[in-house]
Protein chains: 2
Amino acid sequence: MATINENFSKLASGYLFPEIARRTALWQKQHPEASVLRLGIGNTTEALSPAVCKALHDKVDLLSHRETYSGYGDEQGDTYLREQLVSYYHQYGVDLDPTEFFVSDGAKSDAANIQEIFSKDNVVAIQDPAYPVYVDSNVVGGRTGRFNPDTLRYEGFVYLASNEENGFVPDPPKQKVDLIYLCSPNNPTGAVATTQQLKAFVDYALENKAVILFDSAYSEYITEEGYPHSIYEIENAKKCAIEINSFSKFSGFTGVRLGWTIVPKELECEDASSGVLNKMWNRRQCTFFNGASNIAQAGGYAALSGEGLRESRALVAYYMENARLIREGLTRAGLTVYGGINSPYIWAKTPNDMPSWDFFDLLLDSCHVVVTPGSGFGPSGEHYIRVSSYGHRENVEKAMQSIEENLHV
Amino acid sequence: MATINENFSKLASGYLFPEIARRTALWQKQHPEASVLRLGIGNTTEALSPAVCKALHDKVDLLSHRETYSGYGDEQGDTYLREQLVSYYHQYGVDLDPTEFFVSDGAKSDAANIQEIFSKDNVVAIQDPAYPVYVDSNVVGGRTGRFNPDTLRYEGFVYLASNEENGFVPDPPKQKVDLIYLCSPNNPTGAVATTQQLKAFVDYALENKAVILFDSAYSEYITEEGYPHSIYEIENAKKCAIEINSFSKFSGFTGVRLGWTIVPKELECEDASSGVLNKMWNRRQCTFFNGASNIAQAGGYAALSGEGLRESRALVAYYMENARLIREGLTRAGLTVYGGINSPYIWAKTPNDMPSWDFFDLLLDSCHVVVTPGSGFGPSGEHYIRVSSYGHRENVEKAMQSIEENLHV
């Protein structure tokens, strides 16, 4: 008699973005004439760059001839790409080895799967609000109790509140925790941690033999000087941190699918000396994964190289100009906004303490603009919305015009 | 104090194929002048077909213009591809709904991840020998005790021996089990289950509320009439079976990465009524996965359509001609062989009861041919080798010539 993994039933509700899609589709059905302006999901909208497209075409051409065809590659990713990633990190003064990189089909998969190499008994700290994948993967992994609908919290998690008081970057926890998910620049708040703030977490982790799971998927969106792009810019972080990053937002690979995770050889924890966690993630990937698409990997190499790198950065600059327009537009509409300077996300307070989902519905109904309700990212996200700067310029402009004209706060 | 998932330490040894690669590389280093002939890993060697390459190029072109660019798709796969898969199954008289298909980056990922939606307490039955992923994923998932190096078995698994006596297709277990991994055409033995044999497993599963995890990645290699290509050709199998398949071996997508899993709405188990398991896998994919590469999906659609489908089948026919040459060559060399008629794998007995790894080393050393030791697939694989028909024709011919000349049994 097969039985199910009961942890799935603890999951509070449908995954956030499908729920947004459902509500939007329903509203669109009721208003077929309306043109919906989408600033909800962080979904890239601009074309892949010429250098990337050339590399993708070239790889397909190689695969179309038996002399140059290749099948399975290494589960960890092609060596040429891992070596290019090593070079990429040199710009931040970070020295890593190719065997510390694990290329994957994207940061979401890695962020969700990484918990599998740790014990079920580990206590997990998450920034609140946070990308839902950190939370949901650990619920499924069995590290929580039930969801409490009154507090909007799972039993067992340690929530690190990110709020106006701390500039949306929390301090390390007061109590002992084992795994800490950190994301900087942050999704959803758009806040970016300083060197001192990251150092406080690294010191905490070293002292408590905790492991930091650092999501730097938006590192290329940092426009101001002095903020770390990689946690390994902090001394001794290799001993206590795993870093996850992606080509999705940097090079428009949301649909192409490519990311990477760094598990340093120096990384250790209570019952794993240096090297063990690197080997465990290697074994996990060799068992559960068969490598990222070789076409995507060829595109990723181009995105990090010469003209491709310049083009990737031009893509980021395009979205950051959107971010500026959104910041200014929402401010003119009377909202209080954060983020959007070192991050593609603008984190805006709802007017008059309105609940997030109500404000979501209001913006959809009165302005035809889709945003993401902050409460979908955790209890401290309540009374906020996340506005994504991913969109065509003209749509961003239309959305801001519509909000300025139709939103009365 | 972070601690590790101790189940990883139960894993018996390095994953089979990296171990083969390691031994081969070591030998090659010691014999730099020798040309190694690889019939080990089931890694495709022939070019992607023209229709597939055209579709891949066309998709890259779409992604290179902002008007036709697309980012994140549905986690479950693009609708057009899921609908094409529905049509593909009509050839077998199997009627499914697009929402029962989940497109992924490959059958290996799905075969490894599917156990996550089931309870840790389920008793798992596996064919012995079997594709190592079924075993290793359930070890990591916590469904076994220790590996016993004397019996070469994990405590807790039920091993269904596949041997000469049963034609390498075992009967359903005598005791009660909850999850049953079946693969037909079988990797590694090359055996294919008849309708009656599959029906016996379906009857068992229905009677015991067990769930069958059916791997049909080699279904297109069936050349003889009368064998089921899909488990859903068996009456009521939708109530008790999940099917996993792939574009890897059918269309040469081993490096491109694309597969699919079918979780029928009718599927149920002890504590999940119909629909629940479909929803759980949907939730799992939405949380842990972000969809397969949109480029690969465009290629997959072409591989199942019109000229592309004919070209995919021509690829299969090419490898099956290799299979015939291998069967005949090994037979001439004095080995007893099975499989290779409805499967790309030939399962050959080692001479004089030689252990599998010894015969692996002998073939490498004396014939310069790499095969896969049968014991890597489970205890009943001992005294066998798996020979893969994936290779250029000329290499297969050279390998057979070398074995016929240099192997003295």
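Glycine is treated like the rest: Cβ placed from N, Cα and C.
Annotated in TrEMBL:
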BINDING   A:Tyr15, A:Gly42, A:Lys108, A:Tyr131, A:Asn187, A:Asn290, A:Arg386  substrate binding site
BINDING   A:Tyr72, A:Ala107, A:Lys108, A:Tyr131, A:Asn187, A:Tyr218, A:Ser246, A:Phe247, A:Ser248, A:Arg257, A:Asn290  pyridoxal 5'-phosphate binding site
DOMAIN    A:36-403  domain 'Aminotransferase class I/classII large'
MOD_RES   A:Lys249  N6-(pyridoxal phosphate)lysine
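Structural mapping of features recorded in TrEMBL.
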residue: A:Gly42; record: substrate binding site; contacts (Cβ under 8 Å, 6+ apart): A:Asn187, A:Lys249, A:Pro344, A:Tyr345, A:Ser388, A:Tyr390
residue: A:Tyr72; record: pyridoxal 5'-phosphate binding site; contacts (Cβ under 8 Å, 6+ apart): A:Asn290, A:Gly291
residue: A:Lys108; record: substrate binding site; contacts (Cβ under 8 Å, 6+ apart): A:Val133, A:Gly259
residue: A:Tyr131; record: substrate binding site; contacts (Cβ under 8 Å, 6+ apart): A:Ala111, A:Cys183, A:Asn187, A:Pro188, A:Asp215, A:Phe377
residue: A:Ser246; record: pyridoxal 5'-phosphate binding site; contacts (Cβ under 8 Å, 6+ apart): A:Gly106, A:Ala107, A:Ala217, A:Phe253, A:Leu258, A:Gly259, A:Trp260
residue: A:Ser248; record: pyridoxal 5'-phosphate binding site; contacts (Cβ under 8 Å, 6+ apart): A:Thr44, A:Gly106, A:Ala107, A:Ala217, A:Thr254, A:Arg257, A:Leu258, A:Gly259
residue: A:Arg386; record: substrate binding site; contacts (Cβ under 8 Å, 6+ apart): A:Asn187, A:Pro188, A:Thr189, A:Tyr345, A:Ile346, A:Trp347, A:Ala348, A:Val371, A:Thr372, A:Gly374, A:Phe377
Where A:Asn187 (substrate binding site) falls in three-state DSSP terms: coil
Site diameter for pyridoxal 5'-phosphate, Å, by largest Cα distance between A:Tyr72, A:Ala107, A:Lys108, A:Tyr131, A:Asn187, A:Tyr218, A:Ser246, A:Phe247, A:Ser248, A:Arg257, A:Asn290: 34
Near-B candidates in A:Tyr72, A:Lys108, A:Tyr131, A:Asn187, A:Lys249, A:Asn290, the recorded positions, by Cβ under 8 Å: A:Tyr72, A:Lys108, A:Asn290
Cβ atoms near A:Asn290 (substrate binding site) (within 10 Å, other residues, all chains): 25
Collapsed DSSP category at A:Arg386 (substrate binding site): strand
Other C-beta atoms that fall within 10 angstroms of the C-beta of A:Asn187 (substrate binding site): 26
Integer mean pLDDT for the domain 'Aminotransferase class I/classII large' (A:36-403): 97
A:Lys249 (N6-(pyridoxal phosphate)lysine), number of other Cβ atoms within 10 Å: 27
Where the residue listed as 'N6-(pyridoxal phosphate)lysine' sits in the secondary structure, as DSSP reduces it to three classes: helix
Reduced DSSP assignment, A:Lys108 (substrate binding site): helix
Secondary structure of A:Tyr72 (pyridoxal 5'-phosphate binding site) (DSSP, helix/strand/coil): coil
